[in-house]
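Peer 1: The domain 'Ras-associating' annotation in TrEMBL covers 56-140. Look at TrEMBL and you will find 182-291 tagged as domain 'PH'. The domain 'SH2' feature in TrEMBL is assigned to 378-474.
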Amino acid sequence: VDVSRVNLSEHLVMEVNVDAHLLRFSTRDTSRRRLFHACENAIFLRAHCHHYSHVCLQIVKVWSEDGAGKVVEIPADMTARDVCQLLVYKSHCLDDNAWTLVEHHPILGLERCLEDHELVVQVQASMSSDSKFLFRKNYAKYEFFRNPLNFFPEQMVAWCQESDGSIPQSQLLQNFLNSSSCPEIQGYLYMKEPGRKSWKKLYMFLRRSGLYYSTKGTSKEPRHLQLVSDLEDSNIFTIITGKKLHNAPTDYQFCIKPSKVRSDCKELKMLCAEDEQSRTCWMTAFRLLKYGIVLYQNYNAPQQRKANLLPLSAPVRSVSENSLVAMDFSGRTGRIIDNPVEAQSAAVEEGQTWRISTQSGCDHMFVCVAVIHRTQVWFHGRIMREEAHKMIIQQGQVDGLFLLRDSQSNPKAFVLTLCHHQKIKHFQILPCEEDGQVFFSLDDGATKFTDLIHLVEFYQLNRGVLPCKLKHPCTAVAL
C-alpha cells in the first residue's frame, strides 16, 4: 500500500494506491489513526468490492448491541451487504452471511432489517436525526427460501386454498418470485384507527398492488376493497415498544411506514396479528411481493461467491496443520524434526510431561474450566430472562437459535435459552459432583460434561433431551 498526502486548501487528500488501484480520500484530520483507517477501507474495497472506485466517500455510523458505535466511510452506492462485510472485516468476526444492518427508530419504536441490495447512504438520507443503524445477526432473513411451508400457512395463501393445498414447496416460492403470477395473502388483522387508541379487526388482502381491507366481511370484490398502503414506496417494520404503548390487542405488532415519512406517527399504518406465525407470514410476503426475484438473488449471492472461489483456492486446512511443526529444544538452539519416527517420539514425551504438570496444577485447571465458557460468543453472562427473550427475537426466532447465561435463581447453575417452532424455551444446566470433580448436566446427571463448551458441542451434534439441536449461537459483537 502506497500512501501519498497532498495539502489542498484546508483538506488533506490521501491517495491510497492498493495493488495499482488508486482511491482518493479527503479529510481535515491528519492523524495517523485516521490515515490507517483510510488505508484499511481502501484495502477492503479493493479486495471485496471491485466496482467501488474513484468515488466520494460518505460517513455512516453503525452501532452494536452493547451501545458502542463505529464510523465507516463508504461510497454513496455501497449496498447493505457490502457494509456488513466491511464491519465483519474490521471487527474480525466470522462472516456466516447472517449479519445485517438494522434501521432503528427509537422514538417511533420501529426497526427493520435492510435488504442486502439496498443502498445504505440512500436509506440514511431518509432517516431522522435520532434514528440509527444497528449491526446485528438475523438468521431468519432468508429462512423462508429453505422452509417456505413454515412461513406460509395454507389458509393464508389464496391460491393454496384454490388448489386444496397440493402445491409443492418449489412452486410456492415461484409464485411469489414470478412477477406474472398473482399470489395473495389473506386473513384477519387488527388496524389502529387514525388519531385514536382503538383498533379495528378487518379482513385484509396483500397483493402486488398493495394491502387492502374489505369493507364487507371477507368479500374480495373490487367495490368492497379499500387500499391501506402500496408496497412500492413503503417499508415494513416490527414494532418494538410492546402492546401497552399503543393499547394493541396482541403482542404481534408490525407497521407499514412510507419511505418519505421520518418521524410523523400519523402517517404510519399500525397493524397487529393474532400470533407470531401470522405476523411472520404477512411481513415475509410483503418483502417477497415488493422485491420479488431480487431477494432470491440476494440469497444466492454468498453461495455463488463461495462456489466461484472453491476451484481457485487450496484445500482448507486447520491452523494447527498449517503452522505447527515438530521442534527439538534440547540443545542451545531449536531445530525442526524432519524424521517422522523422532517426531512421534517427541509428541509422546511431550504428552507425558503435560500430564505430570496438570496433575500438580489441578486447582489451576479447575479454575480455567470454570470460566472458559465466558469467552464464547454464545455466553451472555448475567442477563435477565426478558433480555434473553429479546435477543432471540431480534436475531430471527429460527429453530436451534440459542444462548447460555447465568441462572438468576441458582448462582452455581446456568440456563440454556433455545428457540424451537418460534417458541422460546429455557433449560437449567445444573452442576453435579462425582469423585470430587464437578460436572454440568441438562438431564439430571444422565449426561455429564466437564465444562459448558463440551456441553454445547455435544448438543450441536445430538438433540438429546432438547426439542432440536443447537444450531445458531445468539451473538453480540463489539464494534
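Using the three backbone atoms N, Cα and C, a Cβ is placed for every residue, glycine included.
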Peer 1: Suppose you look only at the domain 'Ras-associating' (56-140); what would the mean pLDDT be?
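Peer 2: That region's mean pLDDT is 90.
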Peer 1: Using DSSP, how many residues of the domain 'SH2' (378-474) fall into helix, strand and coil, respectively?
Peer 2: 20 helix, 34 strand, 43 coil
Peer 1: Using DSSP, tally how many residues of the domain 'PH' (182-291) sit in helix, strand and coil.
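Peer 2: Split into helix, strand and coil, the domain 'PH' (182-291) gives 26 helix, 45 strand, 39 coil.
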